[in-house]
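Sequence annotations record features per position, and here Swiss-Prot assigns (6S)-5,6,7,8-tetrahydrofolate binding site to L121, G125, H126, L127, S355, P356, F357 based on sequence analysis. Annotated N6-(pyridoxal phosphate)lysine per Swiss-Prot: K229, in sequence order. Here Swiss-Prot flags H228 as site 'Plays an important role in substrate specificity', drawing on sequence analysis.
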Amino acid sequence: MFIKNKTISNYDADVYRMMKQEYQRQENHIELIASENYVSSCVMEAQGSQLTNKYAEGYPGKRYYGGCDYVDAIEKIAIKRAKKLFNANYANVQPHSGSQANYAVYSALLKPNDIVLGMSLSHGGHLTHGSSVNFSGKLYKFISYGLDISGDIDYPQIRKLAHRYKPKMIVGGFSAYSGICNWKLLREIADEINSYLFVDMAHISGLVAAGLYPNPLKYAHVVTSTTHKTLSGPRGGLILAKGDNVSLFKKLNSSVFPGCQGGPLMHVIAAKAIAFKEAMEPEFKDYQYQVIKNAQEMAKTFISRGYKVVSGKTFNHLLLLDLSNKNITGKRADILLHSANIIVNKNSIPNDLLSPFITSGIRIGTPAITRRGFTELESRQVSNWICDILDNFNNIEISAKVKQKVLNLCSLFPVYK
């Protein structure tokens, strides 16, 4: 039996203290990790609701447990909104994460050891696009494509590899690429070899929803996404498709449940439904537009300060800084910036000579800072502070001054206070 009015603060002081410290960290640090964002209070409320108690294996109307009337209704709302938001004919809102959504797609359409063509992790792909340490690289034979010398996706290489290896699937999408993907050309290449085109739009789904980045659903057989990142919802996954291929839809559903998951997280699905509604508001497009403008302002500032931006530009929410000519590793840059309350992540650059644990670059994203109200002005300031620290990485005094500026700026743009 539990005490109904018990709170974390008066029951578990250790966990409560860490929760409060994390709250303060988010308020007092500038968050530039491209995959992180701040959810709304409505999304948080749904995730802390009584829906967390309900087990609901199966799909609406076909559950393995009773008492699912209301969670059925919630999941139907989430599905309807996801389809409307992305102009899809099919949506599965049950995946617990983007990685599980990707796993479900692979297992639905491929057999073990099938050949797959995906973007190299070191060139901007994701672990689930064929990394040898990930299930994708262990279960399937991945061939990797990358970027050309200008930093753009190398489509001639993709076509050459596709015709040489005849992959069962071509994977589009990325985790560290600042350009615009040519989904139409990828589909043309896939059709030339009778292959599936699967797109992972986890990083850019918010931009796609706002109509500011090409929608891959027009060309891909299947699309997955996370529901956080630019979409600004809870941490979770999503599978989408267009057309009327009922057989494909059934395969995808079966691959999620019972294929790789049991009971869905109904409190998270409710939060997804809310996030989808938020993404249909006019303000959401304004937000996404500012996300891009802030990223472009940061790229311009870094270039003006003598830093190399991979691809030389950005058309989305992120950019990759190449530090190979700055006598500093991505790992050290990450640590130095962290000491000044600026949060980035070390990231490999194309043809990186350093290990993924060290790297020659850092990845920077603008969804979170834009969510708290930063515009081009603040983005430019932050970029200059980053340069000040990295240009003087042995100067503790400069780092301390930047940290104070960060604290002052954060106080002007609170997240939840």
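Residue numbers in this text run from 1 along the chain shown.
Using the three backbone atoms N, Cα and C, a Cβ is placed for every residue, glycine included.
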Nonlocal neighbours by CB distance (under 8 Å) for L121 ((6S)-5,6,7,8-tetrahydrofolate binding site), same chain, sequence gap 6 or more: L127, H129, G130, S131, S144, S348, P356
Reduced DSSP assignment, L127 ((6S)-5,6,7,8-tetrahydrofolate binding site): helix
Top Cα neighbour of H228 (site 'Plays an important role in substrate specificity') in the set of binding-site residues G125, H126, S355, F357: H126
Spatial separation of S355 ((6S)-5,6,7,8-tetrahydrofolate binding site) from the residue listed as 'N6-(pyridoxal phosphate)lysine' - C-alpha basis, Å: 26
Densest Cβ neighbourhood among G125, P356 (binding-site residues), 10 Å radius: G125
Fewest-neighbour residue among recorded positions, criterion Cβ within 10 Å, set H228, S355: S355
K229 (N6-(pyridoxal phosphate)lysine) CB neighbourhood, other CB atoms within 10 A: 28
